[in-house]
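Below is one structure, written out as structure tokens; the observations come after it.
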Amino acid sequence: MDSKSVTPEPTNPFYASSGQSGKTYASVVAAAAAAAADKEDGGAVSSAKELDSSSEAVSGNSDKVGADDLSDSEKEKPNLVGDGKVSDEVDGSLKEDSTTPEATPKPEVVSGETIGVDDVSSLSPKPEAVSDGVGVVEENKKVKEDVEDIKDDGESKIENGSVDVDVKQASTDGESESKVKDVEEEDVGTKKDDEGESELGGKVDVDDKSDNVIEEEGVELTDKGDVIVNSSPVESVHVDVAKPGVVVVGDAEGSEELKINADAETLEVANKFDQIGDDDSGEFEPVSDKAIEEVEEKFTSESDSIADSSKLESVDTSAVEPEVVAAESGSEPKDVEKANGLEKGMTYAEVIKAASAVADNGTKEEESVLGGIVDDAEEGVKLNNKGDFVVDSSAIEAVNVDVAKPGVVVVGDVEVSEVLETDGNIPDVHNKFDPIGQGEGGEVELESDKATEEGGGKLVSEGDSMVDSSVVDSVDADINVAEPGVVVVGAAKEAVIKEDDKDDEVDKTISNIEEPDDLTAAYDGNFELAVKEISEAAKVEPDEPKVGVEVEELPVSESLKVGSVDAEEDSIPAAESQFEVRKVVEGDSAEEDENKLPVEDIVSSREFSFGGKEVDQEPSGEGVTRVDGSESEEETEEMIFGSSEAAKQFLAELEKASSGIEAHSDEANISNNMSDRIDGQIVTDSDEDVDTEDEGEEKMFDTAALAALLKAATGGGSSEGGNFTITSQDGTKLFSMDRPAGLSSSLRPLKPAAAPRANRSNIFSNSNVTMADETEINLSEEEKQKLEKLQSLRVKFLRLLQRLGHSAEDSIAAQVLYRLALLAGRQAGQLFSLDAAKKKAVESEAEGNEELIFSLNILVLGKAGVGKSATINSILGNQIASIDAFGLSTTSVREISGTVNGVKITFIDTPGLKSAAMDQSTNAKMLSSVKKVMKKCPPDIVLYVDRLDTQTRDLNNLPLLRTITASLGTSIWKNAIVTLTHAASAPPDGPSGTPLSYDVFVAQCSHIVQQSIGQAVGDLRLMNPSLMNPVSLVENHPLCRKNREGVKVLPNGQTWRSQLLLLCYSLKVLSETNSLLRPQEPLDHRKVFGFRVRSPPLPYLLSWLLQSRAHPKLPGDQGGDSVDSDIEIDDVSDSEQEDGEDDEYDQLPPFKPLRKTQLAKLSNEQRKAYFEEYDYRVKLLQKKQWREELKRMKEMKKNGKKLGESEFGYPGEEDDPENGAPAAVPVPLPDMVLPPSFDSDNSAYRYRYLEPTSQLLTRPVLDTHGWDHDCGYDGVNAEHSLALASRFPATATVQVTKDKKEFNIHLDSSVSAKHGENGSTMAGFDIQNVGKQLAYVVRGETKFKNLRKNKTTVGGSVTFLGENIATGVKLEDQIALGKRLVLVGSTGTMRSQGDSAYGANLEVRLREADFPIGQDQSSFGLSLVKWRGDLALGANLQSQVSVGRNSKIALRAGLNNKMSGQITVRTSSSDQLQIALTAILPIAMSIYKSIRPEATNDKYSMY
């Protein structure tokens, strides 16, 4: 960036006490500049590392520092004496005032008062000794900075709550630009107006440009114009501050105590921390970007660590105790270990200069602060991953200060425990977990459990670290640097403790602190988790932000993420929250994590209210305190454990709770048990969330903590189905472990939780949650016995797994265990858990005392020569079954037994089957012998063996598979395993000419066999991958490749023997489990593979039942009076009244028919008149003949005699007009219809026949739609009528259709018996196809005449369809209204397997007056069927009309309630041949569809 002429007026946040001498910041800068000038003249040499403004200095190349410079630097370093004073040799280089050097453009330095040589303050290597010789030259003045209020709070916050570490941070944002503040001098005794709490938020914006870096030694300028002065070169210090928000000011190793004067002036450490001010109500509110007073320089980037360069006195300073800095508003409060201020010290510029000199002298690393990313290992000057500026003020021995949490600021010594005094406005907070008290305005505040002495630290709303500059007294307290939010002021030396420090619990290995991974635990058990200061089962989230060059925008205040959900609106005033809580930075922080778990996903047992504690009493009796913040109304569900002491107590309480001991809280205000559920899931951290910042120096998991948490979660005294949650800090990459009752620690990974779940209140109280033993007590004896047997099976299976060398995490084993868990249900307690089964299995196998009672019977089927016997030998490991490569080795069914891993296995070896269709009879005989052996030794597993290298898609094995299914039943495939031998065969070439991959080859061959089995069983649903039989590969060749253990392996690396045995064991265990839990259900072979039992089609059977049927009548030649038709009786009666019409035909004049030659001579009108007269005479003749027939039948009834046998033939059943169908002409069978084509292949002449002489009528059935004209006749139809015992007329009609695929048979047979003149009974037997099954129908009905023109029929039927039986009844009534109109109504019901169908029919028949002479008639019918709640309506119309003398039109139409139906029109004519032109219509439609196919497909389009 361009250099600016900035004139910072120096101020000091560290004020020297009155009476002390010191020098101003300007004097120090001037002295450094003069030293640089003297160096150029060969005089004085700078005592600090030279920070050049060149690119080399920025990049940190150490090559630029010559040996001469280093030696000169060492020579000119201030000599540090034991008391911490600076030797007089340095006086000369620091006395004179200096202006801005001219070498590079630098901000002008306002000259201040000169500082004496003896006033220069340096830090000694020991923490205890700090020079007392530093004083203030002018005691009557001090510097005060009037800083205008920063209006925009967002300028002091890190944008998006994160800091970019992986890129060089260029300060180009206008929002982060700070303004140089005016400086005016005031008396030293004056206090700041804001009680010493000044704050300047931001981050150190390190620019890779270094044009404005002062070249002189000891004086530096950042890209923002900040002046950095290294005041004393000391020994090298290695301060490993690896977390964001960490600032080390002062000694990192020595025992000096850097104190602030008694005037309680403020030490400014603004790390994105807002200042807390007072509002009108006397409560605290976070005031971001307050006017900062007495600040010499302002760091303008968004996460800067600011320390004023005010005058410090060199006095004994003890390490400021780590201060737990308050998080952002909306989070849990932290313990503030109040540290004493720095009574005496040095200016901040001197501190920086000394640290720079140390780094230069000890490590020779020229890693410039302005050079972008600063290495963590550099001594003296550092940047953490949040962009915080870390400076070592003293050169001491190499110390690794591992402050492993964000928001940690290290200022001064760490060795001793001092309490930072506050002005008393902030309530004391101890151990980060404090009870909730009542503030002045009714607001909630934290009351410290333990009295802290003179706390001076203040908490700000932004989650930043601020160190008060008030005077601090040395006290003893425990230091845990590894906790989040800890501020370390002073030096941090490993294993060095202050002499007067009486606390032995100080961490002595600060440099290598094992940071326990914060685990978030949510329980649904019946115990209450309580720590000494904590009264809840809470979530402690691991605060391990990913650090590295690839990390993007991690939030500074990310040490503890809890509280407010809204990251943008989380600025709750201090007036409403006197304790500070962190906010969950989601959305803006770590934007690359898409699967963040919001706050509402984090289940906790306690929730805080900012506007007053509001406890909602749940139905379970447990209180839930909800958050009612002013700006964020989201409920927080998390409790934070931040300190190591709290974590230890928490783990101890977990141990107690896990053993069933209820822990109670000592906090009176929040003593309710608030354990929540997370839906039976256990959430753990992903392995990918490992922090890479510390480079392996610290352990990510505290194994003891993790073990205790897991122990409490996985059944150690917890209630059934105990659930446990371990989550990462930001809720990303969660994995769930569902532990249903009885499964304990069974882990089941789920997909990352992406969507937030709604907040869940407590739904289970302690009274409803029972322990495992109580659950087991509540089980009935029968259930206990089932669970015990199930547990025994589980133990057996686990022992078998152990013997096979497989683990429970194996894919097949995991599926079996999962199914066992589902069958056990959630009622299983700890006694029947998976952990108990695993433990027992391991113990049983280790001891070897308990015998494994498990046996296996395996039936081996397959074609000849596929390797059945060789597979048996390979499994048993011995040459037991004889094998022959050139012939059949197995000629009969035999049993072969052996022991494998302690399991007795019995094989049923069978002879090879043949796949040819002609050999299936031989296969059936062999399979009958197999069936006999199966009755003696029922097989548990069936191995269908085939070769892998001979599979084709021609389905040649289908006849064989169908024979197996027919002989042994479909249940034979229930526990079948497809075993493919010769598995080491090379795959064939694929379509591209290259060999197929092995996996593709195996998959194709497996699918072929599975598909064949599905077709053989007869249900294509077996081709569903979830229902297919498992496939196992086998290679029996002695030269098969082996692994190191000598076990045969396949080309894919699989050990086939153990895999096949595992499949067998798994199917046997699952089969035993099913029979164990459901012994009452009989085996239904129809339900094998999930087959749905087909219910009979009741609507179809009902419609078949409701049809009207004519009763057979005796032929006239057998003396039967078949006059049982009401219509015929009516006609007989009517004929008596029409006797006068009998003479009408006789009264006609004679009529001479004309010949064709004569008709041709007639005109059209004459020809028409002739035909009308001819038709009229023919009709009169037919009427006369009909009446004579009726009279004869009437005489037959009266006389009981046989009349007219010789002169009249009996009109058959076809003449019965009551069915409404046109009467058939009683003529012999005519010639077949014209063929569809007139080619030579149509050999219709072959089927011509003469008039039959017997009652058996046989004719072929032509398939007019077939493609084969020569052999298009694929069926035969036979009809026969006879009289049984000369009394019972009977008819039978059978039609058989057979082709290559189907065989259909249709049979209608009836026999009737008369009951006097008014009644008749008929019985019938029908066979017809219903789908692929044959339905056998036995029916019967009785018809009787109750009125003159009314006839009633009552009937029923029984239908046998497979294993189903359907019964039905019907009622029918027929009434004749005159001679033309007939009404027919029928109703009935059909019932099968508790299912019923109801139906009704109504038909109206209309005939012409001369019926049956005239054939014109019409019928209209309505049908209604109700089945399974569905109502089906249908309408049918049939009409037959004569058009002209020789033309007829037949119309048939049907429509149902779903608006679907059909219309059929038939036209026949022997006069109008032009009617054949109508065939052009379908041809034209076909042509139109071929031209425009889209026109017809639009309405069927799915779019």
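Here the Cβ of each residue, glycine as well, is placed from N, Cα and C on the backbone.
For the residues Ser589, Ser892, Ser1163, Swiss-Prot attaches the annotation phosphoserine to Ser589, which does not rule out the feature elsewhere. Considering Ser331, Ser448, Ser1442, the record held by Swiss-Prot lists Ser448, annotated as phosphoserine. For the residues Ser281, Ser1122, Ser1133, the entry in Swiss-Prot flags phosphoserine at a single position: Ser281. Annotated by Swiss-Prot as region 'G1', the relevant range among 862-869, 1454-1461, 1494-1501 is 862-869.
Per Swiss-Prot, the phosphoserine annotation among the candidates Ser87, Ser93, Ser609, Ser780 falls on Ser609. Of Ser53, Ser665, Ser985, the one with phosphoserine in Swiss-Prot is Ser665, while the others lack that note in the record, though it may still apply to them. When Ser301, Ser632, Ser718, Ser728 are looked up in Swiss-Prot, the one carrying the note phosphoserine is Ser632; the rest have no such note there, which does not rule it out for them.
In terms of C-beta pairs under 8 Å, the stretch of 862-869, 909-912, 947-952 lying closest in packing to the region 'G4' (981-984) is 947-952. Residues 859-866, 868-869, 872, 881, 888, 890-896, 926, 930 of the same chain lie 6 or more positions beyond the ends of the region 'G3' (909-912) yet place their CB under 8 Å from a CB of it. Helix first, then strand, then coil: DSSP counts for the region 'G2' (889-893) stand at 0 helix, 0 strand, 5 coil. Within the chain carrying the region 'Homodimerization' (947-952), a Cβ under 8 angstroms from the stretch's Cβ atoms is held by residues 866-867, 980-983, 985, 1001-1002, 1004-1005, 1008-1009, 1033, all 6 or more beyond its ends. The average per-residue pLDDT of the prediction over the region 'Homodimerization' (947-952) is 84, rounded to a whole number.
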